[in-house]
Amino acid sequence: MLDAQQRYTLFQRGLWEAAQQIPRGGLRDYATFRQLRLLSIIGPAALPPDQLDRYNRIINDMLAVYNTAEVCAYNEPFKCGLHLQPELQFIMSHSRDWDELQHIWTEWRRNTGRRVRDLYEQLVDLTNQAARLNNFTDASAYWMFPYETNNMRQEVDEVWEQIKPLYELLHAYVRRRLRESYGPERISRSAPIPAHILGDMWGQSWSGIVPFTLPYPGKTLVDVSPEMVQQGYTPLTIFQLAEEFFVSMNMSAMPHDFWALSALQQPTDRHIHCQPSAWDFCNRHDYRIKMCTHVDMKDLVTAHHEMAHIEYFLAYRNLPKVFRDGANPGKQINVHIYLRCKNITGHANDIISMLMFLQY
């Protein structure tokens with residue numbers, strides 16, 4: 001992997017050096033101007049060779065820690081080997097045992113965060129150096145560059161002020177329901193919510209606690225997981241269903257290489273880290289997804305999200321390489337969220353309708 005990174009870096013530097021030789025003052029074609037501008041920002045590749053090598057090794061070492069970290073089960077010190085995917089994530093989203101959740105949350109960080117802290121501090125220094133070599137003040141300015149706006153911080157602050165009242169109401173409501181479940185001795189009426197009970201390893205997605213925080217008694221969210229199992233769904237059929245969804249909107253079917261080369265479930269001969277991800281191999285035909293798919297509604301939705309990335313890749317495959325990326329990170333993720341919402345209502349209704357048809 002390091003060899004591939006080094007070869008790509010040399011390629012980037014070659015383009016960067018060539019782009020520096022092209023005068024831009026007389027350019028009237030904005031697309032050409034923008035290509036040259038994007039080619040002049042090469043990120044970490046601007047580092048001197050020895051520092052770049054250290055940068056790549058640090059990232060690989062951090063990834064190795066993250067991907068291989070193991071935790072022992074709560075109250076079962078000899079039952080170890082629990083990985084983030086799928087065991088720890090399942091526990092975080094399904095367990096309601098305060099002590100078990102706290103154990104998993106703490107132990108996973110002890111086996112990851114503590115081990116990468118020194119590496120991370122080195123990475124911060126190198127990332128800031130790389131940003132300055134790309135003519136940015138620091139890494140934060142470099143990270144905001146893809147949004148291509150001069151007042152990003154102000155725009156984020158304005159949006160936050162607009163949604164803050166609604167978020168505070170939602171936060172207070174969820175905190176009250178959690179307080180009712182875990183008791184006032186564990187959750188204060190006004191303090192922040194402890195992160196380990198939010199149904200997710202990072203407190204990022206609260207979907208895991210929806211079953212006991214819904215505001216309407218007797219109402220439940222649509223969950224087609226049991227029906228998917230009963231109908232014999234597999235990881236493959238989940239992605240075939242996702243493909244049908246996109247094709248129904250006159251979007252592209254998945255190319256042959258997608259089905260031949262994607263990893264859609266955990267291999268039986270080895271353990272791989274299964275954070276869902278979509279990949280563009282930049283040759284206009286090789287696009288893949290890596291995901292250890294389970295037959296449930298959560299992964300049905302995630303499969304559509306990841307395939308939305310592939311549809312995006314297919315849509316821009318004939319553009320110059322420098323343009324084969326999200327036009328704006330915020331807009332790209334908004335498209336994926338919209339498609340996920342459309343998918344949830346559409347496919348859920350289809351599966352429920354099929355169930356009713358079979359019953360009657």
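Using N, Cα and C of the backbone, Cβ positions are placed for all residues, glycine too.
According to TrEMBL, the disulfide bond annotation covers Cys72-Cys80, Cys274-Cys292. For Asn75, the entry in TrEMBL reads N-linked glycosylation site. According to TrEMBL, the chloride binding site annotation covers Tyr147. According to TrEMBL, the feature Zn(2+) 2 binding site maps to His305, His309. The Zn(2+) 1 binding site annotation in TrEMBL covers His305, His309. Annotated active site, proton acceptor 2 per TrEMBL: Glu306, in sequence order.
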Item to check | the residue listed as 'chloride binding site' versus recorded positions Cys72, Cys292, His309 - nearest by Cα | outcome: His309
Checklist outcome for this item: Rounded Cα distance in angstrom between His305 (Zn(2+) 2 binding site) and Cys292 (disulfide bond) is 14
Checklist entry - Here are the disulfide-bonded residues: Cys72, Cys80, Cys274, Cys292. Which has the lowest count of other Cβ atoms within 10 Å? => result Cys80
Checklist entry - What is the number of other Cβ atoms found within 10 Å of the Cβ of the residue listed as 'active site, proton acceptor 2'? => result 23
Item to check | Residue with minimal Cβ packing [other Cβ atoms within 10 Å] among the recorded positions Asn75, His305 | outcome: Asn75
Checklist outcome for this item: Here the 10 Å Cβ neighbour count for His309 (Zn(2+) 2 binding site) comes out at 20
Next on the checklist: To the nearest Å, how far is the Cα of His309 (Zn(2+) 2 binding site) from the Cα of Cys274 (disulfide bond)?
Outcome noted: 17
Checklist outcome for this item: Rounded Cα distance in angstrom between Cys292 (disulfide bond) and Glu306 (active site, proton acceptor 2) is 12
Checklist entry - Using Cα coordinates, what distance in whole Å links Cys274 (disulfide bond) and Asn75 (N-linked glycosylation site)? => result 26
